[in-house]
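Chemist: Just dropping this structure here.
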Amino acid sequence: MSKFIPNSFQVPNAVVDELMSVLSGAEFKCYMLVVRQTTGWNKQKDAVSISQMMEKCNLSNRGVIDACDKLVEMGLLTKSKGYRGMNVFSVNFDKIPTCEVSSPVNSAHSTCEVSSQVPVNSAHTQNTTKQNNNTKNNTLTGVNACEKKSEDLILLEKFGITGQLAKDFIVHRKSFKAPITETALKGFQREADKAKIPIQQAIAISIERGWRGFNAGWDWQNDGVSAKNPQNPSARNTSKPFIPDDEGNWAEGMSITVRGS
């Protein structure tokens, strides 16, 4: 276990290797401030006001609110209400992409041990380390060692679609050249609610039967031809009447047996 360094706090390597490239400047500032206010003081959570974030991060009121909402939406921060309605933030390190092997972080002037976390100097500590401009070894960042979580996976998580089902659904939608959008997922949710089934089940049914979408009116509970191809007119059961040859003609009256009834 690494020793505590005065006037500093620690963040995982992936914060720089993975998150910095996908977060906006405002989001990264607010995220680092919350990390400083929590782990920097060995606390699990801390009350941070909007005005404090505006001052520390040099952001507008709207900029702080939008950035924090996005960080909470991504699962990087959790937010609750504290005394007098003040926002209480905590850092969710479990949502940060991680590598199986930690990225090497030693530089020519570093005296720190290699670990899964890198000490980051706070705003009150003067950084005397100078970057070596001649170093061109890009493998130090470890960027290629981890896969960034795609926007599709993040969006699917909002609807409770995760794991292998989410990966299969992405492949399935690509086969139809159909993007995964919030509007499309809301459509799945609406039809799943009509069918009184979870959206995850509606997604699984559409994948198994090769449907581009899902409609509660389709025969999704049936394993027959009509269920497998609800959008194919030729596969629909038209319930054509069956008229035997020995029943005479229409003028005499006849009985009709309807197939499929």
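The backbone N, Cα and C atoms fix where each Cβ goes, glycine too.
TrEMBL: automatically predicted annotations, no manual curation.
Below are the features listed in TrEMBL for this protein:
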- 10-87: domain 'Bacteriophage lambda Replication protein O N-terminal' (DOMAIN)
- 116-136: region 'Disordered' (REGION)
- 125-136: compositional bias 'Low complexity' (COMPBIAS)
- 223-249: region 'Disordered' (REGION)
- 228-240: compositional bias 'Polar residues' (COMPBIAS)
Chemist: As a test of reading the model: what is the averaged pLDDT for the domain 'Bacteriophage lambda Replication protein O N-terminal' (10-87)?
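Modeler: For the domain 'Bacteriophage lambda Replication protein O N-terminal' (10-87), the model's average pLDDT rounds to 86.
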Chemist: What are the DSSP helix/strand/coil residue counts across the domain 'Bacteriophage lambda Replication protein O N-terminal' (10-87)?
Modeler: 48 helix, 12 strand, 18 coil
